[in-house]
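Q: A single structure is presented below for examination.
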Amino acid sequence: RTKVLRFLSTKYFVISSSAAKSGYFISMGSSSSQLKRSSSMSSRHKSRTSVSRKSSLNNRQMSLTSAARPAQAAASRRPPPNACWSGDALDSLPKQKVADTTQELRHVIEEFRSNWTLFNANMLEDPNSAGKLLLRFVKPSRKNLGPRLLDLPHADAKRWKHIKANLNRLRSNVTYKDIELAIHSFGNLDHFHRPKLDVLHHLLNNHWPREKVERFYRHILPGMIRLALSLPELLPEQIPLLSRGRQAGCRPLSFTQQQVACLLTHAFFCTFVFQGGQYPSINFNGIFVSGEYQRPCTRRIEKLKCILHYMDRVVTDAPLGVITISRKCLRHRVNWSERTEPMPDRLHVSSTGTIEDTDGGFLEVDFANKFLGGGALGHGLVQEEIRFMISPELIVTRLVTECLDDNEALLIEGFERFSDYSGYADSFRWISNHKDSRPVGVDRRRLSQLVAMDAVCFRSWIEQFSVYNIERELHKALVAFGDVKDNKSGAQQHGAVATGNWGCGAFKGDVRLKFLIQLMACSLARRPVAYFTFGDQPLQQRLVEMHQFLINNNVTVGGVYNALLAYVAELNAGSHRARRQEMTAQSAPDLFRFVLNYVQSTRGPSFYDPAANSNVPYPSTNGKHPERIAETDQSGERQNWQQSTETSGQQRTDPGENVSTHGAPAGQSFDHQNRQQPTEMSRQQRTDPGANVSTHGAPAEQSFGHQNRQQPTEMAGQQTDPRANVRTQGAPAGQSVRQH
């Protein structure tokens with residue numbers, strides 16, 4: 001009965017044969033009388049069916065092999081047709097846990113002591129400190145300090161006296177003009193030629209209702225001034241910066257939420273001196289001024305609402321939590337073609353919802369700019385900028401973090417969300433206050449984790465399909481999700497990664513490629529995946545079908561990587577080379593279909609038969625995604641990648657479908673993933689600019705790819721490549737399996 005009620009809590013049912021024999025079969029839409037009838041029927045036949053149920057259950061358990069378990073588990077969690085999500089249920093994915101025991105607290109305190117911690121961590125052990133601010137500043141030891149320290153506004157006594165005098169003038173009988181003059185007097189807006197702060201002026205004089213304006217002048221602004229003037233007590237010394245490089249940047253930096261709020265009030269009044277170099281600006285002058293955009297800028301008005309709502313919250317009720325910022329660096333590069341880890345067997349794909357609405361426990365991905373925050377303090381208002389606005393504590397990362405290198409990511413833990421919103425970009429609107437319900441551990445850190453990882457901004461779509469760029473994105477995702485050193489045999493899985501179309505907007509990334517890249521990185525980091533397509537339901541279905549195909553065929557990380565290399569070679573083939581620079585996602589070969597055909601061809605015809613195995617989904621053409629198949633123009637000529645080419649003695653059909661040849665040697669299969677390359681290259685040099693492949697005279701040991709991997713050379717008879725499970729028969733001696 002418990003199982004029946006659990007099935008009723010969902011909107012679909014998958015009933016095993018043993019349950020059906022026992023009378024526990026409930027059809028969709030069953031009434032309570034039908035449920036009682038089914039239950040009574042099971043009780044009447046309980047004695048007669050108990051033996052058959054046990055034997056059936058034993059047979060089921062014995063028949064579950066290691067290869068069949070993922071497929072059956074995925075089938076049992078399949079949602080109903082046309083659902084807004086596919087794959088595993090979001091609640092079934094593992095989550096990170098907060099520190100809630102005394103032993104864990106002691107471990108965290110030791111961690112705080114060895115890192116850059118700007119408060120007295122020993123107060124956490126005092127039971128009487130609950131509900132009190134961690135006000136005592138602890139200066140990091142000299143041996144732990146980084147190469148650079150940040151001078152705060154009070155470091156210069158003369159300048160701090162000037163700042164205090166101007167802030168004290170804003171305590172009473174203040175107008176918008178007084179705030180503007182005070183901000184200009186701090187001397188950090190020279191490059192703007194002391195502009196009029198039109199966004200702030202419009203919000204206070206025209207946009208906000210009268211009661212909100214009065215609350216700002218009587219409550220919010222005086223509280224911000226008190227918080228800003230408490231800087232010498234909260235942060236009396238210089239603070240270390242998270243600089244670039246493994247030596248200096250991998251030591252975490254911990255603040256209290258009160259210290260972060262104090263720094264952000266100074267950013268509001270623009271008292272920080274611009275650091276220059278590779279550090280972004282943290283002053284809010286970019287929000288106050290519309291610039292060359294419409295006046296007043298609607299985006300900036302909504303951003304200012306989020307920030308002032310945050311200020312209202314922190315001056316009304318001081319937060320007590322702790323925020324930790326960690327700069328993660330990948331210590332060793334990975335040879336992806338040699339990885340034998342299977343793809344993650346648990347995947348949730350949803351076309352509704354957002355990453356920030358997962359209620360904690362997941363590693364949330366920030367589609368970041370290498371300068372943290374991107375356009376958060378300017379005109380930008382997409383995924384990263386929205387995260388920084390609804391959780392303004394993230395803005396402090398711009399103050400202490402140098403721009404990210406290709407092998408680095410930034411992890412922020414313990415931040416709080418303060419606002420609800422709707423829309424995206426120009427349609428973004430602040431809605432209301434948000435009560436963050438995520439649990440807080442004994443270390444005062446909230447169960448919130450955000451990892452910022454920056455994608456490459458490509459000038460054209462085809463630019464991302466090179467070995468260098470693919471491996472750059474793989475290593476970036478790996479350092480963000482967890483290094484390989486954490487992937488021990490039999491280790492427990494970490495919390496799932498909540499991600500989406502990373503780098504697929506203005507950066508021109510291909511959503512199919514980025515999906516496979518993130519799956520491969522999650523496999524090495526031992527993390528399941530929760531993927532959000534942001535309203536794209538056809539894409540949701542395609543991603544689940546591709547993942548299910550990889551799981552059912554036991555494709556490893558190395559196998560997917562080799563398929564990507566084959567796809568790069570296909571784009572650089574003779575039939576595509578002439579129009580390579582004009583190629584787009586609509587006109588190029590479909591990546592998912594290519595990977596599917598690659599796995600089929602390299603594993604032999606008996607391994608996969610679409611007609612015999614209906615559980616392995618083949619990419620359908622229903623509900624075509626814009627990136628899936630190109631349209632046909634009025635003249636009837638096909639706009640997509642399917643080209644017919646003629647070679648001497650050979651004629652190829654569509655490389656994305658089954659490939660047939662005329663004139664091929666007997667007993668040899670010709671396909672687009674495993675084609676014979678020209679054999680007469682004794683005094684020629686062939687260079688493939690897309691895949692960085694260079695060969696000289698086809699020697700016995702050839703160099704392929706930017707990692708100069710050696711390929712097998714003697715293929716007489718029969719040989720198996722364990723990396724991609726490539727099986728060949730009768731290949732000529734001295735010829736590489738993957739000439740691409």
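A Cβ is built for glycine as well, from the same backbone N, Cα and C atoms used for every other residue.
Okay, so TrEMBL annotates it like this:
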- 33-89: region 'Disordered' (REGION)
- 33-42: compositional bias 'Low complexity' (COMPBIAS)
- 57-66: compositional bias 'Polar residues' (COMPBIAS)
- 67-77: compositional bias 'Low complexity' (COMPBIAS)
- 210-327: domain 'PARG helical' (DOMAIN)
- 335-540: domain 'PARG catalytic Macro' (DOMAIN)
- D366: active site (ACT_SITE)
- N369, Q383, Y424: substrate binding site (BINDING)
- E384: active site (ACT_SITE)
- E385: active site (ACT_SITE)
- 607-740: region 'Disordered' (REGION)
- 612-623: compositional bias 'Polar residues' (COMPBIAS)
- 637-661: compositional bias 'Polar residues' (COMPBIAS)
- 675-684: compositional bias 'Polar residues' (COMPBIAS)
- 704-728: compositional bias 'Polar residues' (COMPBIAS)
Q: Rounded to whole angstrom, what's the largest C-alpha distance between any two of N369, Q383, Y424, listed as binding substrate?
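A: Largest pairwise Cα separation, rounded: 18 Å.
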Q: Across the domain 'PARG helical' (210-327), what are the DSSP residue counts per state (helix, strand, coil)?
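A: Going by DSSP assignments, the domain 'PARG helical' (210-327) contains 63 helix, 13 strand, 42 coil.
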Q: Highest Cβ count within 10 Å among the active-site residues D366, E384, E385: which residue is it?
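A: Checking each of D366, E384, E385, the winner is D366.
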Q: Where D366 (active site) and E385 (active site) are concerned, what is their Cα separation in Å, rounded?
A: 9
Q: What are the sequence-distant neighbours of Q383 (substrate binding site), meaning same chain, six or more residues apart, C-beta distance under 8 angstroms?
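A: When sequence neighbours closer than 6 are ignored, Q383 (substrate binding site) has I355, D366, F367, G500, G505 within Cβ distance under 8 Å.
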Q: What is the interatomic distance between the Cα atoms of E385 (active site) and N369 (substrate binding site), given in whole Å?
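A: It is 10 Å, counting Cα to Cα.
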Q: Let me know how many other Cβ atoms fall within 10 Å of the Cβ of Y424 (substrate binding site).
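A: By my count, 14.
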Q: With an 8 Å cut-off on Cβ-Cβ distance and a minimum sequence separation of at least 6, pull the same-chain contacts of N369 (substrate binding site), or say none.
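A: For N369 (substrate binding site), the qualifying residues are G375, E384, D454.
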Q: Would you report the average pLDDT that the model assigns to the domain 'PARG catalytic Macro' (335-540)?
A: 93
